[in-house]
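The S-adenosyl-L-methionine binding site annotation in Swiss-Prot covers GLY40, TRP42, ASP62, ASP78, ASP101. What Swiss-Prot lists as active site, proton acceptor is LYS141.
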Amino acid sequence: MLAKKHGYRSRSAYKLIDIDCKFKLLQRGRYVLDLGSCPGGWAQVAAERVAEGGKAHVVAVDMAPMERIPNVDFVQCDVEHSPELLRAALQDRKFDVVLSDMAPKSCGHRQVDHANIINLCEMALDLAVEFLRSGGSFVTKILQGEYEQEFRRSLQYYFASVTYFKPKSSRSESSEIYLVGTKFKNPEHPYGNSEDAPSEC
């Protein structure tokens, strides 16, 4: 297996490599938060690419245990049901890049799988808005379907640029695709002018 030959824990590592070759997100010295990290392929790539002076600032998060990776801090928690545990672990830390390769267990029904992954994307976006530095970037995996455009519009509130990207290493027949948001904007006022904000009922 190619991933094992190159020392990566999963073939998904090549997806992040493809994404970074296109968008140049993982620059030296940047701080990275990796959501849904297990088994660790993305965290490995991130740590390699942002390392500076032998050190990297990468925090990996997953509900499942993960074997240690050099230069990666691991937080084991369920961000869907216990996000307060992650907040307690991170405290007031801020990141330049938030990555999410999270995916629910597939039930085999395309529409249900799509709705479930959109829920995870929304949760990842909430955490990105909370922990990103101004100007930062966000990458999340989605499955194409009914709610993808609505979610894309949510990203556009927070990022100056939102782009679809399908890595070369993704299977061509898969509905999996990534959304990449760059230039995180207005972290304190995500809707820009007050008239753009949704009204309260």
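FYI, residue positions are counted from 1 along the chain as it appears here.
Here the Cβ of each residue, glycine as well, is placed from N, Cα and C on the backbone.
For the binding-site residues shown (ASP62, ASP78, ASP101), fewest C-beta neighbours within 10 angstroms: ASP78. There are 21 other Cβ atoms within 10 Å of the Cβ belonging to LYS141 (active site, proton acceptor).
Following the DSSP three-state reduction, the secondary structure of TRP42 (S-adenosyl-L-methionine binding site) is helix. Within 10 Å of the C-beta of GLY40 (S-adenosyl-L-methionine binding site) we count 24 further C-beta atoms, all protein chains included. Within 10 Å of the Cα of LYS141 (active site, proton acceptor), the following binding-site residues from the list GLY40, TRP42, ASP62, ASP78, ASP101 place their own Cα: ASP101. Secondary structure at ASP101 (S-adenosyl-L-methionine binding site), taken from DSSP and collapsed to helix, strand or coil, is coil.
A 10 Å cutoff on Cβ-Cβ distances gives TRP42 (S-adenosyl-L-methionine binding site) a total of 29 other Cβ atoms nearby, all chains included. Maximum intra-site Cα distance, S-adenosyl-L-methionine binding residues GLY40, TRP42, ASP62, ASP78, ASP101: 18 Å. Following the DSSP three-state reduction, the secondary structure of ASP62 (S-adenosyl-L-methionine binding site) is strand.
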